[in-house]
């Protein structure tokens, strides 16, 4: 099939909706390779949403939910083999292997292009190829970060409408020669003439590949989330982190929170936590201390750059939330529930109730019968998860009742504090303030979480996840640490955000949590704000500054003084045991570990001696 015979390649009326020569040439090249039945330029309209969601319902991919419960919302259940990001099949194909570094899978880019080119050949037969123009961050930014995803998945098109600024207005912004990231995606499930489709097409062979120097993403075989919605982790973190390194900014796996004091002063906080450490819950926190309020600007990704005034400003490049459903409820995260309840949401791999609503583990209610995420009848006696542990909601940010008005401001917001955190039962106190920027980078470089189940590795083993970026770095981790240090050195030290390390998950000897977490974490945020204002007391310890017992506002909190003391304790023996674990991690990072990080490590060892 030649390009001339592919319907839609030149628009519906023979005139392409863009005059961007490079884009049109790329669309034609990919269409000739993948051989779709037709090409459609996505416009992001309500009519398109209605048409594609109806098509997905008719295909059995989507179930339309009860409009009275979840208006304009849908449930999709994936193939059981396609339920999460696949780190083992995710590649950073830099020109030189050293530039991918020890934390990434690497293949020679020419070899990968040949391998994937063979997979792409004819892979869209029987399907429509959609051209999805999108923008990460506000479209009216000074330098908007544009992309175009080519995909044969309607699920991707409707999800990208929620997660990004997408459609005709982005094509207009591209003009005739604007730069864009090329993002190619296929389910890898061609259809022969007359072949019946399956509800969730995918391929056992999967690749999620990034070419950082070329700013390109190639994804094959998966229809799921971060593997297929290429604006999210692939562009906004892996490719953007490489762009940020080259251009002098930061692309980080961070929430952005606005905390407002009783005096009505706003503080903006960015925080990086690995998965299962409460990032979305903190992003949407309801403070429990009187007079304090919180608003959110994002729960997952922050792009940060220095403004003309020397302060570090952050924007959230996303347009929607792609949150983990299990554990989300009216107690743990009421604002997420209020966002979802307004509808316009795509759910994936949650359970379906008898009245056409959704349910997952941890949600209020005690259903006696459900259709589970695999499409099977489910009762409490089934002994299986009704919803997949990584099931998701994809919902517009604009629906969140506590979105800060400035969330869509291309200038961003000035960051006062950066938080790093992991899930540690021992060793790491509730909150520690770094001595300075470089010490803060050392803290971020050593973030880790204990493995929680034998299936994930030995229980208690610390999995390092530097700045919560381990799965998302687009280049060498050592160069990444150096980039953080360099940005700090080139900035006005008095205007740099203060850096803190938090750990909501410390446990007592009997295994119970010492700190209640959730909304009570606002008490820790209050201490952080008071440290920024030079008002709160702290104790200098070998690992940094921790609050005095009296400096933390625990008024009205039902936690014993002994538990607070233990949560804040710096146990020298535990930290001495941590040293060889950090050494092992730094050995893995290898020759590119910055001297500044090594200096901080040696200083810590001396303070512990």
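Each residue, glycine too, has its Cβ placed from N, Cα and C.
Now, the feature entries from Swiss-Prot:
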ACT_SITE  277  active site
BINDING   85, 224, 225, 226, 275, 390, 391, 392  substrate binding site
BINDING   233, 253, 300  Mn(2+) binding site
BINDING   276, 277, 278, 279, 280, 281, 392, 423, 518, 519, 520, 521  GTP binding site
Among 224, 225, 226, 392, which are recorded as binding-site residues, the nearest neighbour of residue 278 (GTP binding site) by Cα: 392
Fewest other C-beta atoms within 10 angstroms, as judged across 275, 280, 390, 391, which are the binding-site residues: 275
Listed binding-site residues (233, 392), ranked by Cβ neighbours within 10 Å, top entry: 392
Protein Cβ atoms within 10 Å of residue 253 (Mn(2+) binding site), excluding its own: 25
Local backbone state of residue 392 (substrate binding site), from DSSP in three classes: strand
Secondary structure at residue 275 (substrate binding site), reduced by DSSP to three states: coil
For the binding-site residues 300, 520, the one whose C-beta sees the most other C-beta atoms within 10 angstroms: 300
Rounded distance in angstrom between the Cα atoms of residue 392 (substrate binding site) and residue 277 (active site): 16
When distances run from the Cα of residue 390 (substrate binding site) to each of the recorded positions 233, 276, 277, 280, 300, the nearest one: 276
Packing count at residue 225 (substrate binding site) (other Cβ atoms within 10 Å of its Cβ): 24
Residue 224 (substrate binding site) - helix vs strand vs coil (DSSP): coil
Cβ neighbours within the same chain of residue 518 (GTP binding site) - under 8 Å, at least six residues apart: 278, 281, 285, 331, 332
Cβ neighbours within the same chain of residue 85 (substrate binding site) - under 8 Å, at least six residues apart: 208, 224, 225, 226, 227, 233, 471
